[in-house]
Amino acid sequence: MDWSNIIFAFSLTLFAGLATGVGGVIAVARKAPGERFLAGSLGFSVGVMLFVSFVEILPKAVEELTGVWGERGGNWAATGAFFAGIALIAVIDRLVPTAINPHEPSTVGGAVEGYERRSRMMRAGVLTAIAISIHNFPEGFATFVAGLTDPRIAIPVAVAIAIHNIPEGIAVAVPIREATGSRGKALKWATLSGLAEPAGAVVGFILLMPFLGPEAMGLSFAAVAGIMVFISLDELLPTAISSGRHHTAIYGLVGGMAVMAVSLLLFI
């Protein structure tokens with residue numbers, strides 16, 4: 001077991017998780033990013049995550065599993081694990097009430113704007129933080145596994161997840177600041193919601209450690225690819241397009257794919 005790889009993977013996960021704190025800083029400074037920038041950045045994240053999932057992570061899972069179970073068995077196992085990852089994150093997504101679900105951006109704002117009392121604003125912020133923490137847990141596992149796999153994959157994935165964590169931090173910090181008048185409390189809750197990602201990495205590592213081998217790694221890679229694809233299509237792309245900058249989001253998506261492709265080609 002190479003502890004330097006484990007530390008590297010965990011550091012990337014911590015970096016991605018703490019990006020919610022960046023969102024908190026933006027919220028308390030009352031300087032929100034423009035719609036064009038947000039659409040392009042989220043679209044870029046979608047491009048990176050989709051491309052790396054289908055071109056690098058899923059094929060690597062097939063390679064690991066076919067080495068154990070043969071071509072037919074390995075391909076079936078990788079496909080099953082891929083859709084199991086999608087099912088896992090979809091179930092988590094459905095368990096979170098719509099009004100506080102960070103994957104339902106159109107309802108979050110309306111719910112928060114409808115609260116007239118500070119106590120309800122505080123409750124909205126805390127519940128949003130809890131909801132985001134639930135969603136960030138498997139994302140942390142995904143980033144961690146990518147870090148164990150290959151830095152070429154891990155760094156762009158961590159950056160992509162960090163980008164989409166920034167608006168989540170804003171969603172937590174805004175109602176808490178309005179409720180308490182405290183920038184410190186708003187920033188604290190925004191940052192804490194992102195710490196679920198390194199927690200996901202730790203739990204994933206503890207669960208995987210006794211089973212580290214081609215089977216466990218191959219199944220994990222495929223499941224992580226499924227998780228990343230679902231997050232991209234269910235959360236990031238709709239959020240980017242909902243800004244009203246449809247073409248900017250798509251240009252960002254293509255740009256993310258192109259950057260990811262070039263970064264992989266440079267290391268062949």
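Placed from the backbone N, Cα and C atoms, the Cβ positions cover glycine too.
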Residue among GLU178, GLU197 sharing the Fe(2+) site, where Swiss-Prot lists ASN136, GLU139, ASN165, GLU168 as binders: GLU197
Region pair the transmembrane segment (73-93) / the transmembrane segment (37-57), three or more CB pairs under 8 Å: no
Interface check, the transmembrane segment (211-231) with the transmembrane segment (126-146), three or more C-beta pairs under 8 A: yes
Two-stretch contact, the transmembrane segment (37-57) and the transmembrane segment (189-209), at least three Cβ pairs under 8 Å: no
Dominant neighbour of the transmembrane segment (189-209) in 6-26, 126-146, 153-173, 248-268, by Cβ pairs under 8 Å: 126-146
Best-contacting stretch, by C-beta pairs under 8 Å, relative to the transmembrane segment (153-173) and drawn from 6-26, 126-146, 248-268: 6-26
Distance [Cα-Cα, Å, rounded] between ASN136 (Fe(2+) binding site) and HIS164 (Zn(2+) binding site): 11
